[in-house]
Amino acid sequence: MKCHNPFGFRVGPVTFWTIIIYLALLVPLLWIHETVPPAPSSPTPTPGINLTEAWHDLTTITKHYHPYNSRDNERVGDYILERIAAILDRNDVNWTLEKTGARNVDVTLELSSRSSSAPSVTVFDDNLANVTWATDIGMLGDHTAGVGTYFEGTNKLVYIRGTEDEQGEWWKSGKNDVRVIGKGGVLVNAHYDSVASGYGATDDGMGCVSILQILNYFTTQGRQPKRGLLLLFNNGEEDGLLGAKAFANSPLFSFPTTFVNLEGAGAGGRAVLFRSSDEQVTKAYQKAPHPFGLVVASDGFSMGLVKSQTDFVVWDDIFGQRGLDIAFYRPRPRYHTDQDDTRHASPASLWHMLSNSIAAVKSLSDNTHTFSGQRSDGDRRKVPSGSHASKGVWFDMFGKGFAVFGLRGLFAWSLTLLIVSPLILAILVFILNRHDKLYFFSRKINVHNEGSEDPVSIGGFRGFTRFPIAVGFSGALTLASAFLLTKINPMIVYSSEYAVWGMMLSLFYVSLWMTLKGSSAVRPSALQRGYIHIWLFIVSWGLLIVVAVTEDRLKIASGYPVVFLHSALFLSTVISFLELFGLTKKHDYARRAHDDHQVRDRIGELPHDDALIAPDTPNDEAEDSDGEDSEHEPTETTPLRAGGDSRVRSTFGTAYRSVFTRKSSPDKHKPFENEQPWSGRLPGWTWILQFLLLAPINVILWGQIGLFAVAATQAGGADGGSVLTTYLIIAVLSIVILVPLAPFIHRVHYYVPIILFAAFAGTLIYNLIAFPFSANNRYKIYFVQEIDVSDGSTKVSLTGLDKYVHSVIGELPSTSGKVITCTDSNARSGLVDCSYDGSAVPPLLHGGLENGTVTVTNKRYQHLVSVNITRSNDSKNRATLSINAADSKVCTVIFDQPVSNFAIRGSEGLDSRLGQYPDAGVGSLRLFRRDWTSPWVVDVEWNDQHKVGEVALETDKPVDKDAVEELRKRAGISGTIKCHYSDANVPETIPAFHECLQYSPDWAAFSKADVGLVRPVKRF
């Protein structure tokens, strides 16, 4: 019994190994994407870490909604201070507690516990710092109307002194210059506020409890860091990264030169390395026990493809520190909803963030030389964090290893490949040609001399055009399926991304197999694998040019898979050329074939019993029909003279040549099926080397990118984004992931495409007809209720896709018989705002009860917002607004005419680091305060030129209410005040919101549409 080579280029081995290797790559990728490494079985895996304690802290912090503008937010802040004190006392640490704020405010000692002249730890309860700025640049870098912001912070900070830090209480020096203090330190940041519609378990409760455990870890005996740590629990992140910006006026501002930002942009899963400042700081993350992340996420933020921001942009872009952004990023449907709770989180996710962040913080703290000194950009307004290294390129390997290298190195690698790879192939072509073994592109050989009438066909062009035709056809079908889903059922990817992946992968595989296998069956060619390699090399070389340009000019690192792909294709293509050295020289083969034909022709003139065998003419006719190579390859039945008419041969000659063929073709060099006779000497095992070069790295890198990109964008359609983008990502990456199969797929057994065609049919039907949402993948709708305080009327607005918003509104009892008005949303492009009368579910805000019932007069809400205007005597274009809101910390002033300047009484003044005052003036002003009663006093100035200047008011003259309208006309000050109410912990407070939660379908979720859930509106 004959034993075949298990790695031979035959149907069985190719089918087996391609399936096994792809499954061995794709299954782990999916497993890592969907699961989280388990938490240690012991609650104390290392001294200084207690997971049971951390989980208890998380459940306590997330007991209620706790946005900045809520009573429960204050509870969380107090709890964090209590936990800090308990940890420090338990670890027997000398520490002090200080009240601190702006740098020009005297620091006073509030409480001392085990205090000394140089405490090991200092806790700062910052209830003094404030920050003011104006800008016309949005958080995503887009231009907006001018917006001013005033924010009063309530940040909690812990300074852990490092062994190499400056001694004493250096923050009391009173110096306002930006300088390196000692060797600098490491900032670890998380925010303790949640959105009004979510409990904040992962956004950002896990970040907060991770910092508490980091405090426990580094204050445990023997764990003092080298460079000091500054642990920051900031407040107000959800309303515009406000807590981080308030740190600008902290006396500790200049100390940290590096940072680790802990965030949640999803609701569980693994914590991904979202962004990093540069290569050097990214190497700190290499120490992580379970690294997870890729540079594509960072480039997505840089290019504005990710429509959200984290505090990273403040630390890195504005303050100039260098650091890491570690965040949860999926599942996005639970983000900012009531499912961001501990029920839908897990200790494993908490451990993943905690263990990785501790490793990164320790590595940054131990590095005492890299991250301090003069900046490369010379910006004196930013922290001196040393010269930035090259932008980093990074990706994890199955959640275990982590590769980091510089973008400059990647560019050098790309440039080298662009020059060297085609040069080496050209040299190989030259050598093969010199040795007369370049079978590629060879049609025929003239045995005697050029112009001979009896050339021998080589068939070297056969298979040349198959790849572009096959990929063009298969790729077009795959891309067409993306447009089909976008047209018929655009939201299906929201909950069923794997069904979409399965449909497009199977479609491309089946169509590619049909075209390449079909052409190979009709006209077999031993060079098909080599020609496909040549085509792939050319395409990847062209892509590499684009990647090199983006690396050099745009500093985009996401093209690294193309560099790896081209490297693998280059080596694999080299193998295809080296295989030709095993063949006989073309002229030697042609002479031998020519001589064999002559012998057979002479023998064919003799009568023989085999003359009764009919000639095999149909195969000859079939070969004539192939347009790729008009010449026959020489076989024992080919006429000596190329192009001669075989009909002149006798039946005896044809029959004898058939017998001669069977006797003269030894099995040792027998070609595969009906491929060219000379191909029998090609090695049959080299294909597995090529496949191992092409498939693993390509599938791993592109598979990671595909899974991450789809997870990050699949919910974008619900927010008004283009769903086509997500489908095109899946379609293109399906092509890229499977294209390494192209050189070998014509040897795959037909059972595989039959099975995949059935999978395609099933997933196609499902994707076209299935409802796109479910209880585990809820559609997110944005809620806000607005009150006109002048007449007490109220309306509820739900923002989302028209079709689904109407379905939800129809389920709400209070909407029965109400008129629903829908208009295109101004705030969220692609969505609609659907409003209805909210009088049946009026908000019960401060003072809204009379004798235990909701008041129904049109004056019931007038007390919520108050504004008093005083006009300056020295200028008709200056005035002062005193604004207050009952039981709210947040208001927004919208001016009818932009103001050229504003100042908040008691503020630090405009901070130019956070934005330049818009030339066109400020059209709206956002106001945040830390208490519930102190009014905002705002001085404003307006003129035609909208010039920026100081506001210096003289004697003020009060203006009574009857004169307000006259003041609007004469002085030009008028507008609207919207105050915000965010506390939905008591259902009766905002019954419209709780009605939505209670009565809407289980596939619907609700998130805040504005700073608050309710906004009373008052004209002034």
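Any Cβ shown, glycine's included, is placed from N, Cα and C.
Long-range Cβ neighbours of E237 (active site, proton acceptor) (same chain, at least 6 residues apart, Cβ-Cβ under 8 Å): H191, D193, D204, G243, A244, T310, D311. Residues annotated as active site, proton acceptor in Swiss-Prot, with similarity to another entry given as evidence: E237.
Cβ contacts within 10 Å of H191 (Zn(2+) 1 binding site), excluding its own Cβ and spanning all protein chains shown: 30. The Zn(2+) 1 binding site annotation in Swiss-Prot covers H191, D203, E263.
Contacts of E238 (Zn(2+) 2 binding site) defined by a Cβ separation under 8 A and a same-chain sequence distance of 6+ are given as P67, Y68, H191, D193, S194, V195, in order along the sequence. Swiss-Prot lists D203, E238, H336 with the feature Zn(2+) 2 binding site.
If you look up Swiss-Prot, you'll see 618-631 marked as compositional bias 'Acidic residues'.
The annotation N-linked glycosylation site is assigned in Swiss-Prot to N50 (among others) on the grounds of sequence analysis. Classification of N50 (N-linked glycosylation site) by DSSP places it in coil, neither helical nor stranded.
Of all the Cβ atoms in the protein chains shown, 17 others lie within 10 Å of the Cβ of N94 (N-linked glycosylation site). Feature annotation from Swiss-Prot assigns N-linked glycosylation site to N94 (among others); the stated evidence is sequence analysis.
For N130 (among others), the entry in Swiss-Prot reads N-linked glycosylation site, with the evidence type sequence analysis.
Feature annotation from Swiss-Prot assigns N-linked glycosylation site to N851 (among others).
In the three-state DSSP reading, N868 (N-linked glycosylation site) counts as strand. For N868 (among others), the entry in Swiss-Prot reads N-linked glycosylation site.
The N-linked glycosylation site annotation in Swiss-Prot covers N873 (among others). When Cβ atoms from all protein chains are considered, those within 10 Å of N873 (N-linked glycosylation site) total 12, not counting its own.
Under the heading topological domain 'Cytoplasmic', Swiss-Prot lists 1-11 (among others), citing similarity to another entry as support.
The topological domain 'Vacuolar' annotation in Swiss-Prot covers 33-410 (among others).
What Swiss-Prot lists as topological domain 'Cytoplasmic' is 432-467 (among others), and the listing cites similarity to another entry.
If you look at the topological domain 'Cytoplasmic' (513-529), the same-chain residues 6 or more away from its ends with a CB under 8 A from one of its CBs are 9, 439-440, 459-460, 462-464, 466-467, 469-470, 473-474, 576, 622-623, 626, 628, 671-676, 679, 682, 687, 690, 742-746, 748, 750, 752-753. Swiss-Prot lists 513-529 (among others) with the feature topological domain 'Cytoplasmic'.
Summed and averaged per residue, pLDDT over the topological domain 'Vacuolar' (551-561) gives 96. Annotated topological domain 'Vacuolar' per Swiss-Prot: 551-561 (among others), in sequence order.
Annotation comment: Swiss-Prot describes 583-690 (among others) as topological domain 'Cytoplasmic'.
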Other CB atoms, at most 10 A from the CB of N868 (N-linked glycosylation site): 17
Alpha-carbon distance [N873 (N-linked glycosylation site); H336 (Zn(2+) 2 binding site)] in Å: 48
Outside the topological domain 'Vacuolar' (712-724), six or more residues from its ends: residues with CB under 8 Å to it: 297, 300, 306-307, 329-330, 332-333, 335, 482-483, 486, 490-491, 493-494, 497, 779-780, 800-801, 825, 828-831
When distances run from the Cα of E263 (Zn(2+) 1 binding site) to each of the glycosylation sites N50, N94, N873, the nearest one: N50
Nearest recorded site to D203 (Zn(2+) 1 binding site) by CA-CA distance, among glycosylation sites N50, N94, N868: N50
Candidate glycosylation sites N50, N94, N868, N873, pick with smallest Cα gap to N130 (N-linked glycosylation site): N868
Remote residues contacting the transmembrane segment (492-512) - C-beta distance under 8 A, at least 6 residues beyond either end: 333, 470-471, 473-475, 477-478, 481-482, 485, 706, 710-711, 714-715, 717-718, 723, 726-727, 730-731, 734-735, 737-738, 741-742, 745, 752-753, 756-757, 759-760, 763-764, 766-767, 770, 772-774, 776-777, 779
Cβ atoms near E263 (Zn(2+) 1 binding site) (within 10 Å, other residues, all chains): 28
CB contacts for H336 (Zn(2+) 2 binding site) [other CB atoms within 10 A, all chains]: 26
